[in-house]
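See below for the structure under consideration.
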Amino acid sequence: MEITVEQMYNIENKGHDMGFLKKFMMENAGAAAVRRLVEKFGNVESKNILIFVGMGNNGGDGLVMARHLAGYGAKVTVMLLGTPENIKTEESNWNWSILEKMPSVKLMTGGSTDFNFNPDIIVDGILGTGISGEIREPYASAINYINQTNCYKLAVDVPSGLDPQTGETANIYTKCDMTVTFHKMKQGIPKRKDLTGELFAEKIGIPPEAEEGIL
Ligand SMILES: NC(=O)C1=CN([C@@H]2O[C@H](COP(=O)(O)OP(=O)(O)OC[C@H]3O[C@@H](n4cnc5c(N)ncnc54)[C@H](OP(=O)(O)O)[C@@H]3O)[C@@H](O)[C@H]2O)[C@@H](O)CC1
Ligand SMILES: [K+]
């Protein structure tokens, strides 16, 4: 079953109000995406993994993935597309502050795409259901870098620049090898399998009762 982005936000908020906090949803989302990535690669030990992180909760999922991938022995670099004090949400901030205590994960901020290594895997945690309008900097440069880099790419929830409701694309958008979306498929995503690559919808522990009155 495919749902609307509005329904997803309503379900998310109802689950949060039931006590299944967005922080827990984010943890399960990041963990599910990492499981699919590790399943695909067999193991990610000492793979160079570059995670682009937006300032919202799509980025937050990427921060959770960074912590889990460090646990699998990957060489993880996080590029935050802004400054830490501008991270939008409490749950994303919470995950950033954990990474600040983890020397095993390299943290970069500001959005430059000048890296001194070639990534084996890129994670697109730039934009998800919160996308609106033409892609602004530094998100645009990050999306262009991802498209110009030849390696395996995983999109968190949706390839950034693809509108998960309509299936329309912004002026620029990522083309990925795998997309892991959460809870239920959003209506626009399956319209662009050319951008999503292998597509998975992973449960993240939201109580089914959170859908009552919404679906
Ligand atoms: N639903 C669920 O159950 C769960 C959802 N989860 C995750 O949350 C995600 C939704 O998070 P979200 O609402 O924070 O929005 P998100 O996509 O991060 O973008 C907002 C940021 O992007 C920016 N921005 C927007 N447009 C832009 C543009 N054109 N060009 C440049 N920047 C632009 C915008 O900036 P602003 O407009 O505020 O200045 C803001 O900073 C969802 O996709 C999923 O991954 C999981 O945690 C698990 C549970
Ligand atoms: K994304």
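Just so you know, glycine gets a Cβ as well, placed from its N, Cα and C.
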Of D17, D120, D124, which does TrEMBL put in the K(+) site with N58, S160?
D124
Quick check: of D157, D177, which does TrEMBL put in the same (6S)-NADPHX site as N57, N58, G59, G60, D61, G128, T129, G130, I131, S132, G133, E134, Y139?
D157
For G133 ((6S)-NADPHX binding site), identify the closest of the binding-site residues N58, D124, S160, judging by Cα separation.
S160
Neighbour count (Cβ, 10 Å) for G133 ((6S)-NADPHX binding site):
7
Could you say whether, by DSSP, Y139 ((6S)-NADPHX binding site) belongs to a helix, a strand or a coil region?
helix
Run through the Cβ atoms and count how many others sit within 10 Å of the one on I131 ((6S)-NADPHX binding site).
23
